[in-house]
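Engineer: According to TrEMBL:
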- 51-98: domain 'B box-type' (DOMAIN)
- 105-147: domain 'B box-type' (DOMAIN)
- 214-251: coiled coil (COILED)
- 310-348: region 'Disordered' (REGION)
- 335-344: compositional bias 'Basic and acidic residues' (COMPBIAS)
Amino acid sequence: MVRNSILHSGPTLLPGVNFEFTLPEDAYKKFLAFLANKMALSESQIPPDAQHYLVCGTEDCEKNCQFYCNDCHLPMCEQCRDEHQKNKKTKNHEVVPYKQRKRPLPVVKCKIHPTKEIDLLCRECQIPICSKCTGSKEHRGHLFTNLEIVFDEKVSIYNEEIANIRSYFDPTSQNLKKEIAGDVTEIKKIMAGIRTSIKAEAESVKKLVDAVTLDKMEQVNKIEQSLLQTLNRQNQEIDDYINSLNDLIKTYYGYLSPSNIEQLTFALKSESLIIRPIQQTSKPVPPVFTAGQYSKEDVAKLLGRITVPNTKPENRKIKPIETASTQTKPTGKQRKQDREKSDVKQTLSLSSSVTKVREYTVPNVDDVFHISLGKSGRLWVSDMVGNLVQTDLQGNQLQKIQTSGIKDEGYHTVTPNGGLIYTDTKNKVINRITPDNTITEFIKTGDLEPLSINSSHINGDLLVGMQTDKEAKVTRYNKTGTEIQNIQRDNKGQELYSGPHYITENINGDVCVSDYTKHAVVVVDNSGQHRFSYTGQGSRFNPYGICTDVLGHILVCDTFSATVHLLDQDGQFLSLLLTPQQGIKYPRSVCVDNENNLWVGQRFTNTVTVYKYLQ
């Protein structure tokens, strides 16, 4: 009995994988249907802080599983791993830490051939098939890839993305939420202060209105008092006049019937009594109230203004993600190097002038047609007659390989781990030299002659420029040597290449080919879509060595004008970086080192010149 871990729910479970294939999208739609029927539980449904006890898969062993045999698809403890690697039958098996294991594919039967299992991917049709389908009419002559290898690559990518989400995207998003919550609190505090200020202004205006109202009322009262006093005086004067009239009437009545001789004598002697005229009075002139001339806007002005500054909102700062080249947790030194590289990219720019830094003489080569920089200041240099020499920065030869044929192309590259890979055009193979100087045959290219090669520092893929008498193309291989992509034609079906003699990769994943047969630099994106072709600045352009830098610039030698052209990432010509005025006569090869210096090799000399062109 083979014991499975408690994370599994049968042999078809693939924990730790989010089955959302993205490259190529159409290739996996049908395959996803198979997987969906087989999955019982995915790691994405398990809380990240959940604890799982993995049991060794060896029969009768119940120890904690720490390792995994990718060949047997068997989880095992440390003791069983040691015994597994001592066993003659299994000592060459690939045993890795459990988290770095290859996930076995689910057992899915082919609908056309029910006795066969789905285990291959047709690269032309982009669908999963069984081994028997390869001989069918629909797939005859097509290229096929082991589905388990493709799936394992996707698992690695998805595990890396899950780690990125958990270590960067989710925590960064949570920090942004906290920042937003802090801004919400701050905004509420500011708006409450504005409301308080408005109320205070309104209260001040109200007090002013009350004070003015009181003044106006006192003014009205005084006017009223003055008018009433005048009217009362007029009324009193009329009363006095009426009283005098009454007195006059009494006097006249006394004359009409005198009671004694004295009254009669007085009446006869006196003159006629005079009646005073009625005294003139004037009507009061009351005041008139004129309403104030004001509007809501006038009142609003009294209460101040609320304005929003015409300032562009400042974007919240999002710290850049620190990517790692492997799934393992980066060391402190690696993290420091990543930060330094990011800082350099943000601060670098083109210098106003190009400065020669130093020169190196490479022993046992006639000229320098291609340079591959390795680790610890070591470099590989090749000439036109097949000498391939490794040297240190002091010019000491460390290793020499004699290759066959005329070598006027970039036929070698150094991998991220320091190993050398070079093409053998005559035998149509790609050879690999490990750091311990062992040469092994790595990839056979069939009828195609491998010309140029570049090891991707993004994902470790190999980009190979190849040709026959009838066609030329760029083929992408993964780190295990499996063919995963062919780039040959544009969207209109036109051939992209005539002779891809030099090849490199830009920081955005673009594949840049220097094709001196076609007299052009041809650039496609990482999916193989043609982006642009650069054909120089004059009537003739003869491109040779090509490289890119940390800013995405493309640098290419032009042997016709004896110059090095500098392009931006989108193919726009920026300048002639090096010209004959700077001592350049026969430029053939270029590369940029980790210090962002440009290394230039030429024909008819074994001297490599290093220039500084960024600041």
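Every residue gets a Cβ built from N, Cα and C, even glycine.
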Engineer: Take the domain 'B box-type' (105-147) and count its residues per DSSP category (helix H/G/I, strand E/B, coil), listing them in that order.
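Structural biologist: Result for the domain 'B box-type' (105-147), in helix, strand, coil order: 9 helix, 11 strand, 23 coil.
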Engineer: When DSSP states are grouped into helix, strand and coil, how many residues of the domain 'B box-type' (51-98) land in each?
Structural biologist: 10 helix, 11 strand, 27 coil
Engineer: If I take every residue in the domain 'B box-type' (51-98) and average their pLDDT values, what number comes out?
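Structural biologist: For the domain 'B box-type' (51-98), the model's average pLDDT rounds to 87.
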